[in-house]
Amino acid sequence: NHKTLGLYYLWFSFLFGTYGFLLSVIIRTELYSSSLRIIAQENVNFYNMIFTIHGIIMIFFNIMPGLFGGFGNYFLPILCGSSELAYPRINSISLLLQPVAFGLVILSTAAEFGGGTGWTLYPPLSTSLMSLSPVAVDVIIIGLLVSGIASIMSSLNFLTTVVHLRAKGLTLGILSVSTWSILLTAIMLLLTLPVLTGGVLMLLSDLHFNTLFYDPTFSGDPVLYQHLFWFFGHPEVYILILPAFGVISHVISTNYCRSLFGNQSMILAMACIAVLGSIVWAHHMYTTGLEIDTRAYFTSTTILISIPTGTKVFNWLCTYMSSNFGLTHNSSLLALLFVCTFTFGGTTGVILGNAAIDIALHDTYYVIAHFHFVLSIGAIIGLFTTVSAFQENYFGKHLRDNTIIVLWIMLFFVGVVFTFLPMHFLGFNVMPRRIPDYPDALNGWNMICSIGSTMTLFGLLI
């Protein structure tokens, strides 16, 4: 049953996300002060392994199962007027593959040396038999492949349901923004996931079958892997955030009892974001020696994405302003926080999209701050919003909008802002990411980040 599977997805998202979040608290504990203090003092590779597993879990096992799997499974058939998804058994297999993939990724930590490659798995680090345990990299790759198979099956399921099982008279033109958000996400996954699959399979064959795709000693090209990875990796950002757009649009519309301002333009904006987001992958690669014309193209198309994104933000704000504005429900407060944080994170993205600036800020904490504002705060708030707004559907009971929940929302929000806002200043001071030590001059900002992480931990306990 699609509703039951949607609930299971939400529970898996909660459990996996808690694990990934606790790993991030360990990272911030190490970084609360300069010099190698706690983890890295004994084993720097263990620190590398923690941020690798943290990134993979939060992207593939927290946000994707929660928003795309949970919200999509539960509400897509309802919004389409269908009784069930097109392939219920395939849907069940997709769900059951998630804990298998998660288990494989976690299994990599049991190797002699963990797979401390970063979530991007760049060669030659991931293909070097000298620095890391190849077994750890193997099981991470296999876990990602299993997760990818599950996502592709879910995407096919959603796409077939929308195209063939819609209620009579429900044309594509009058589908809701929420339905379009899931539909566009499914299309993006089907177009980009096979490219990642090919890239990591080539990585696996370089490790074990004597191929030389990424070995520059024998005319291979490690930059080829970056092209293949980011052709999936950048659309992945929109795959994570598009379902959150649908949730926020749905919540704002229903809480204020009016259709969204510029409803059709919202759908067109999401389609533009999906198309433009798929052709800007090399803005992650400005430091790999791209020629000036290529950098100019990727800079201009990256900045173009801000136009449909700005359309969505102004439409949400106009819907707020055209109603009797009041925070009628906790989900209204969360939706407003989403709009604020997503706008801030998107603004720093426009800054990083400029090739000249990105070369200075590449691989600094400014990049960490940017994508965490969009994902760690934006997409996670979208996940909280769906649970808050549809709790009666999910759990059959409605929590009163009591003070403790509002306090928790504010504690969580202040905690994540304290964690990631100072990272912009660390980036401008050129503090490189993925390094467990830093100059004493940066102690203050890092301590504030760690205090914010601790506040978020208290929020989780509440």
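Backbone N, Cα and C define each Cβ position, glycine as well.
Curation plays no part in TrEMBL annotations; they are all automatic predictions.
Here the structure is a predicted model, which means the values were calculated and not measured.
Per TrEMBL, the feature domain 'Cytochrome oxidase subunit I profile' maps to 1-462.
Away from its own ends, the transmembrane segment (6-26) comes close to residues 39, 50-51, 53-54, 57-58, 61-63, 65-66, 69-75, 95, 98-99, 102, 106, 380, 383, 387, 394, 453-454, 456-457, 460 of its chain (Cβ-Cβ under 8 Å, at least six residues beyond either end). As annotated by TrEMBL, transmembrane segment applies to 6-26 (among others).
For the transmembrane segment (100-119), the residues of the chain that approach it from at least six positions outside its boundaries are 12, 16, 19, 45-49, 51-53, 55-57, 59-61, 125-126, 131-133, 135-137, 139-140, 142-144, 146-147, 150, 434, judged by C-beta separation under 8 angstroms. The feature transmembrane segment is assigned by TrEMBL to 100-119 (among others).
Sequence annotations record features per position, and here TrEMBL assigns transmembrane segment to 139-159 (among others).
Beyond the ends of the transmembrane segment (180-204), by six or more residues, the same chain brings 68, 71-72, 76, 121, 123, 126-127, 137-138, 141, 144-145, 148, 151-152, 154-156, 158-159, 162, 211, 213-214, 225, 228-229, 231-233, 235-236, 238-239, 242-243, 245-247, 249, 267, 270-271, 274, 277-278 to within a C-beta distance below 8 angstroms of the stretch. The transmembrane segment annotation in TrEMBL covers 180-204 (among others).
Residues 59, 63-64, 67-68, 71-72, 120-123, 176-182, 184-185, 188-189, 191-193, 195-196, 198-199, 202-203, 213-214, 270, 273-274, 277-278, 280-285, 288, 312, 316, 335, 338-339, 342, 371, 374-375, 378-379, 381-383, 385-386, 389 of the same chain lie 6 or more positions beyond the ends of the transmembrane segment (224-248) yet place their CB under 8 Å from a CB of it. Taken from TrEMBL, the feature transmembrane segment applies to 224-248 (among others).
What TrEMBL records for 260-284 (among others) is transmembrane segment. Among residues of the same chain six or more beyond the transmembrane segment (260-284), those with a C-beta under 8 A of the stretch's C-beta atoms are 175, 177, 180-181, 184, 187-188, 191-192, 226-227, 230-231, 233-235, 237-238, 242, 245, 249, 252-253, 290, 294, 298-299, 301-302, 304-305, 307-309, 311-312, 315-316, 318-319, 322, 352-353, 355, 358.
Residues or ranges marked as transmembrane segment by TrEMBL: 296-321 (among others).
Counting only same-chain residues 6+ beyond the ends of the transmembrane segment (333-357), those with a CB under 8 A from a CB of the stretch are 241, 244, 248, 251-252, 255, 280, 283, 286, 295-296, 298-299, 302-303, 305-306, 309, 313, 316-317, 320, 327, 366-367, 369-375, 377-378, 381-382, 384-385, 388, 406, 409, 413, 417, 424. Taken from TrEMBL, the feature transmembrane segment applies to 333-357 (among others).
The transmembrane segment annotation in TrEMBL covers 369-390 (among others).
Under the heading transmembrane segment, TrEMBL lists 402-421 (among others). Same-chain residues lying 6+ beyond the ends of the transmembrane segment (402-421) with a Cβ under 8 Å from its Cβ atoms: 28, 330, 333-334, 337, 341, 368-369, 372-373, 376-377, 384, 388, 448-449, 451-459, 462.
Look at TrEMBL and you will find 441-461 (among others) tagged as transmembrane segment.
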